[in-house]
Amino acid sequence: MGTSGAGAVVGVCLLALVAMATTIGSVHATLTTSFYDKSCPEIYSIVKTEIKKAVKAEKRMAASLVRLHFHDCFVQGCDGSLLLDNAPGVISEKFSLANNNSVRGFEVIDTIKAALEKACPRTVSCADILAIASRDSAVEVGLTPEYPVFFGRRDSTNASRELADKFLPGPQFTYEQLKQNFSAVGLNETDLVALSGAHTIGRVRCQLVRLFGVSIPDTNAEFRANLSKACPNATVDFTVFQNLDLKTPDKFDNNYYKNLRRGEGIIPSDQNLQSTPGPNQALVKDFAQNQETFFRQFPLSTIKMGNIGVVTDRKKGQIRVNCRVVNPPSLIEQVLIASE
């Protein structure tokens, strides 16, 4: 196929993706792709510029920013609660079991927020920043095409470490536990397998590999032995990491699924997508054999996830001026007026 033919195929796929995404987005009609078209059209260029800078400085940051959106949406919905620091009346989710010494990228979100506050004061929510930063991060390292982002979320005024401990999936989860975990927030098995594909980029601490990854039963024994050597028993340093995809760790592609088919998932919750009998195995096989299929489904599942428990009522949420803290009373009325 010539270049023009390939371009035509990509164009058709993009149009189909936009159509499907619009249908999914309409499930929560208050989220729209045009939400900031008049109030802050600069959002696209500002976020993309800052993401490019952050990923250029550190490739791993792309995975970290994708993960922030996921970890935010699974606790209280996509409301920016993960970004809140400890404060009177706020118990930060950053110190929950799945987040402590793990989630990162907050400084990048701070930089984006500061730039948006300068360009469009008191207009763009932190929850919406997480959604577009996740998209741009995945695209920056290889995901195509660039899928639409739906906006209109408001930020929560509280956080819940308790709910974070309850609802964020762990590396030791069985497939049944993962299904229940995703079902609790309205996501199905296709969403589960597709969103897990974000592990085609990023790193995991060697402590977790030692705890859960080196002795996964019925998998590639030689691979496990090499993994054990890469993360020796003596590892206690939080700064020692293992790539989640050993072949192309910084490229968003479908190698994650190919690895699972070979028994080379780094942690049990990943490998269980392949080793547990059921429709999940067919999905893993399909995504492993057809990167375009994965690249269509990942955006759709991400958009669906982005609708979880969104706050759109200005009386129930706010546009935080600083993503780390709830607006003080003196700012609340000013932000309400600016967002009208």
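For all residues, glycine too, the Cβ spot is worked out from N, Cα and C.
The recorded disulfide partner of Cys120, taken from TrEMBL and restricted to Cys40, Cys73, Cys206, is Cys40. Candidates Arg67, Cys120, Cys126, His199, Asp245 (recorded positions) were compared with Glu93 (Ca(2+) 1 binding site); none lies inside 10 Å Cα-Cα. For Cys120 (disulfide bond), the nearest neighbour among the listed recorded positions (Cys73, Cys78, Asp79, Cys126), judged by C-alpha distance, is Cys126. Here the disulfide-bonded residues are Cys40, Cys78, Cys231, and the one ringed by the most other CB atoms within 10 angstroms is Cys78. In sequence order, Gly142, Ile201, Lys247, Pro249, Lys251, Phe252, Asn254, Asn255, Tyr256 are the residues of the same chain, not among Thr200, Asp245, Thr248, Asp253, whose CB sits within 8 A of the CB centroid for the Ca(2+) 2 site. Using a 10 Å Cα-Cα cut-off from His199 (heme b binding site), the recorded positions that qualify among Gly77, Cys78, Ser81, Cys126, Pro169, Asp245 are Asp245. The two recorded residues Asp245 (Ca(2+) 2 binding site) and Cys206 (disulfide bond) have their Cα atoms spaced 14 Å from each other.
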